[in-house]
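Taken straight from TrEMBL:
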COMPBIAS  1-10  compositional bias 'Basic residues'
REGION    1-32  region 'Disordered'
LIPID     2  N-myristoyl glycine
LIPID     3  S-palmitoyl cysteine
COMPBIAS  11-32  compositional bias 'Basic and acidic residues'
DOMAIN    24-179  domain 'C-CAP/cofactor C-like'
BINDING   98, 99, 115, 116, 117, 118  GTP binding site
C-alpha cells in the first residue's frame, strides 16, 4: 500500500522543469545571525582599556581571559561571563542573566550584577556586587565585597532584559566552600569606600559616551549595609505591594529614610503565598491577602533608633492612601518575632 503524500511529492518532482535544481529548504535556524565568538571575548590583552557599548552584547555569553593591567567595561547585559587568569585588571560587567565565574585571577577590582557569583583559586579581589543568590568563594583568599553602586541610562532596562530584580541582592551573604580554621578568606569593604577609587570611570572617547555615575543616590541598585554590624537594636520592615508605582515608591521611601539618618539594611522582591503572609503579617494577614495576587511584593529593612516610628510617619505623610505593611515592633521587644527574617525565608518565586 502506497502513501498518498509520497505519490504527490513524486508527481511534483516529475513536473519540475528539466535542468532546474530543487531549492534547498529554509529552516529558522538557518536564518539566525551568525555569531563570531571573537566579538564576545577579550583575550591576551595587556595595558589596554577596552569594552562594549550598550546593545553590543545583547545577551550573549562573554569570556575574559589572560588579561593583564587592563580596564574592561561591558556596558550591556550578558548570558554568562567567565573570567580566567587575569591579573591587576579593572572589570565592570552589566547585568548577567546567569553566572559570573572568576578563576585563577589576582589583584583585580570588579563591579558586576548577576544571578550567581562564584570565585575559585583567586586572591586579592575587590568586588562591588549585586547577586540574586548567595555568592560563593572556593580556594580563594583576601576577597573583599561591597554593594554594587552604579548608574547609566540603559542599566535599568538591562536588568529587566537579564531577568534580575534590583531588590534581590545578597551581596554580603558569602559562603566559603573551603574555610580555614581561625582565618577569614573574605571581608567587607569599609562603608565609606569611594567606588571610583577602586573602579575608575573609562577614559577612552568611545566608552566615555556612556553617561556613568557612581553616586549612591543615583545607583540603580539600592545601596544596602548587608551583613555589616547594625548601628541600633531597632529595625523596621516595610512591605510594598504590587502596583503601577511600586518601584518608584520603594525608591522614594529609601531616599526619605536614608535622608533622615536611617540605614537600609537589605531588600527583597518575591511572590508571597497565603502561608507566607500569615507568618510575616500575623494578625494583619487578612488585610493584605487580596493584594498578593497582583504580583511580587518589595520588602525593605531599615535600621536605626526610632526607625519604626520614623518610617510610619513618612508613610503616613508621603504615601497617604498607598497600602503598605510597616512592622510595629522593635527587635528588642519581649517575645517579638523578627518580621524581616520571617520574610527573608520566603523563596524567590519571580
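Note: Cβ is positioned from N, Cα and C throughout, glycine not excepted.
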- Task: Starting from the Cβ of residue 117 (GTP binding site), draw a 10 Å sphere and report how many other Cβ atoms land inside it.
- Result: 27
- Item | Listed in sequence order, residues with CB under 8 A of residue 116 (GTP binding site) and six or more positions away | 98, 99, 100, 131, 132, 133, 136
- Item | Beyond the site residues 98, 99, 115, 116, 117, 118: chain residues whose C-beta lies within 8 Å of the centroid, for GTP | 80, 96, 100, 101, 114, 131, 133
- Item | Chain-internal residues, separated by at least six, CB under 8 A from residue 118 (GTP binding site) | 99, 100, 101, 102, 135, 136, 137, 138
